[in-house]
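So the structure is just underneath, and the comments pick up after that.
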Amino acid sequence: MTNTDTTKTFADYGVRQDIADALAEKGIVSPFPIQALTLPVALSGQDIIGQAKTGTGKTLGFGLPALQSVAVPGSDAFNQLPTPGASQALIIVPTRELAIQVGDDLSVAASKTGVRVATLYGGRPYDTQVKELEKGVELIVGTPGRLIDLHRQKYLNLTQIKIVVLDEADEMLDLGFLPDVERILSAVPEVRQTMLFSATMPGPVLTMARRYMSRPMHIRAESGEEETMTKASIRQVIYRAHPLDKDELVGRILRAEGRGRTVIFTKTKRSAAKLSDELTARGFAAGAIHGDLNQGAREQALRAFRNGKIDILVATDVAARGIDVEDVTHVINYQCPEDEKTYLHRVGRTGRAEKEGTAVTLVDWEDVPRWKLINKALELGVDEPVETYSSSPHLFTDMGIAKGTKGRLPKEERTAAGLQTEEAEDFGGAPAREKRQERGVRGDRRGRSGSCSPRHESSRSGSEGRAEKRDNQRDVQSGEADSKPRRRRRRTRRVECSDS
C-alpha cells in the first residue's frame, strides 16, 4: 500500500465523531496520506509495520485507533475491567521531546472522549507521574527508561494493555533502547495489537517486529513522487565556509528578507551552546537545546520557540529528535551533517504542509569529502559547494539580504521577548519510596561498629547491577536521566576482621 486519497474527513475513515469534532476545532479535518492508509487497518485491529518519515503526520494514524480502543470511565466496559483505571494503551517513543509532542496531539484528540492521557519521561518529577497513574490513566505515552523504572517499582500496571505502538523504532535502535523495548513488550499481554513505525527498517528492527508482531500489514506512505515534492518545497543552498567567518555569515543570513522561525543544527553540545550565546550577544532572540542542559532549560527553550518569544533554536541532532514545530522557514546546518539520513532529518524541519522553506548547509574545507558522499546519495547536483564568505556578493543575492547588512541585529529591530521571559519549570526528584530506599542503602553502606562487613556488600546480583548501568548510560544519552538520582555502584570488597 503506497498511495491513497486524502480528500475525505477523519469520520469517513471510521474515526468516532467526538474525536473528529475535537480535531476539527483545531482545524484538522482531512487526514494526511500515512493517516489515511493506516486508519482503516489499525481500526480493524490488525498489526501494522508503517514506514514514514518524521513530520508526515503518523501520530494520528496510530493515536486515534489507540484512543478508540480503550474503555472510558463510567462505561460498562470500563467497570468490567479486571483493574479499572490501569492503562489500556501504550505508545513508546525514543525521546522526551517526541513524548511531549505525541502526548499533546493525543490530548487534543481525546478532549471530548473522557480518555485520560499521561506522558511519562525522564527529567520530570516521579511523584507527579505516580499520582497520575494512581488516579487512573487509559493511554500512556512514554520513553523506555521511565516506563521500565515505574514498572519495576510497581507503579505502572501493564497487565491489561491491549494496544502497543512503537514510534521512531530506528531512533530507538540508534539510542540503544531496543533491549528495553523488548523487556516492556515481554511484560504486556501476548494477545494485543502492535503497531511499529520507523523512517527506515534496519535489520534489528525487523527482527524485533517478527518476534513480537502477528502477521503485520506493511504500509509505506513514501513514493518517488512524494519525495520529489518534499525536495521541491525546500530550497537547498550549500556553501563552503570558513569556521572563523561562520558566525558573521549566519548572522547575515538571519537578517534575510522573510526569515521566520529558524532551526540551526550543530554537531556538538559545546557548539550549540557557544553559537546560541554568540547569537544572543548579537541581538538575536535565540535559545539552545542539547544534552548538557537539564530538562527544565530544554523545555523552556522549546516553549519559547513555539510561543514566538525566540525565533532561533540551536540544536544538536540527538536533542532535536522528534521536535515538530510549525512554520519553520529556515534550517541552517552550521556544520556538515554526518550522512544523508541526518541531512534529510535536518532539512525536513522546513518546507512542511505545502509551505516553502530554505535549507542552508555550511561545509568546512575538511568536510567536503563527506558532503560529496551526501550529494551523491541524494543526487542534489552540488558536488562542489561554492566558496562563500559573509561579504560574498552572491550570499546577499541568494538569501535576499539587503546590501550593507551586518550580522548583528540593530536595537530597534529586537522585537522578540527573548528566552528570559519564558518561565522555567522547577523539576523535582524521585518519589518518596525511592528516597527511602536510597537512605536505607546508605545506612547499609555505613555498617555497624564492631562487626565485619560481608564479603559481597551489594544486595543486587551482578547482572542486575550491570543492567542498571546500561539503563543509566542510555538515559543520559537521550537525556532521560537528568533529574533521576544516581545511585553509587557498590563495589565488592574484602574486609579483614580484628580479634578484639
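Note that Cβ sites are derived from N, Cα and C of the backbone, with glycine treated the same way.
Taken verbatim from TrEMBL:
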- 432-447: compositional bias 'Basic and acidic residues' (COMPBIAS)
- 454-474: compositional bias 'Basic and acidic residues' (COMPBIAS)
- 8-36: domain 'DEAD-box RNA helicase Q' (DOMAIN)
- 39-219: domain 'Helicase ATP-binding' (DOMAIN)
- 248-394: domain 'Helicase C-terminal' (DOMAIN)
- 406-500: region 'Disordered' (REGION)
- 8-36: motif 'Q motif' (MOTIF)
Close approaches to the motif 'Q motif' (8-36) from elsewhere in its chain (Cβ under 8 angstroms; 6 or more beyond its ends): 43, 50, 52, 56-58, 60-61, 64, 67-68, 108-113, 219, 221, 226
Residues in the domain 'DEAD-box RNA helicase Q' (8-36) grouped by DSSP into helix, strand and remaining coil: 15 helix, 0 strand, 14 coil
Taken over the motif 'Q motif' (8-36), the model's mean pLDDT: 92
Residue counts (helix, strand, coil, in that order) that DSSP gives for the domain 'Helicase C-terminal' (248-394): 60 helix, 30 strand, 57 coil
